[in-house]
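Quick look at what TrEMBL lists:
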type    : residues       : note
BINDING : THR43, SER44   : FAD binding site
BINDING : TYR223, ARG278 : D-dopa binding site
DOMAIN  : 5-323          : domain 'FAD dependent oxidoreductase'
Amino acid sequence: MDPVRVAVVGAGVMGLSTALCISKLVPGCSITVISDKFTPETTSDVAAGILIPHVYPDTPIHKQKQWFRETFDHLSAIANSAEAGEAAVHLVSGWQVFQSIPTEEVPFWADVVLGFRKMTEAELKKFPQHVFGQAFTTLKCEGSAYLPWLEKRVKERGGMILTRRIEDLWELHPSFDIVVNCSGLGSRQLAGDLEIFPVRGQLLKVQAPWVKHFIRDGSGLTYIYPGASNVTLGGTRQKGDWNLSPDAEISRDILSRCCALEPSLHGAWDIKETVGLRPYRAGVRLQKEILARDGRRLPVVHHYGHGSGGFSMHWGTALEATRLLKECVQALRAPTPKSKM
């Protein structure tokens, strides 16, 4: 039986993780990842990569919890393996602090992360502007190392990598039997989806090797995430802003906010500014679609729109996209009924 030719459009964390899932779970497929940008030039390379979910208003909570748990389990296995260093996945403990008591003191993901508990009054003394906090251990994933790790695994399993800009998904017909669209913001053009828009994130990468614990303001706007090679300080959420150039005034504001949470950061050095555009919509799009033109058909699986929750959910949603792809493969392989004479 000829292999089913699958094109995965997009080479961020969604495209590469979906390609790897398909190669593991759907036999008889040849996979090609097609993108005009690869690491280190994707949005995923800029992302802080810490596993703390935000809530998608259009997605049932039980579904979000499943995606998060599957992603946490996947990255935990890497963190506990000899590949942890190469993939730059590690456990990190810290605090999420609030200036007023949140409506949900225990979030839906509390029993997925490790050791989740309410902070003590003694711990809160470190944060005099905050009245409530949560302490827990989660995972951090460095996109700049994790993406090459994923790409290497895709290639080892026979996947191809192709640098090419796609203007229209129909370009891939008839070279491919099924397309998986992981193009993020590119889906405005490729899928005509005007529900997806950029939320600009500017952050700083600094050297502050003494910072060992993450600190996140409950609003999610100010955060300090220690990583393998630097500390990520953030951030911004600028809806509808396409500007990829760092703004020096915003950088000063980020540093000031982070120093208010962790005064030792006044001693940080080698400060690098970086900007990424999060692909935001009210709910992740995980959906099959059949494109039809002149009697020809091209099955498409859409997998995009994670906003700032990409790393927190990527493996769980990739597994779901892979299930949808499997249904497309089965439909292609189903024998066509012969007409009766």
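In case you wondered, yes, glycine gets a Cβ from its N, Cα and C as well.
Distribution of TrEMBL features across the structure.
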residue: THR43; record: FAD binding site; Cβ neighbours (10 Å): 23
residue: SER44; record: FAD binding site; Cβ neighbours (10 Å): 29
residue: TYR223; record: D-dopa binding site; Cβ neighbours (10 Å): 24
residue: ARG278; record: D-dopa binding site; Cβ neighbours (10 Å): 23
Cα separation, THR43 (FAD binding site) to ARG278 (D-dopa binding site) (Å, whole number): 7
Average model confidence [pLDDT] within the domain 'FAD dependent oxidoreductase' (5-323): 96
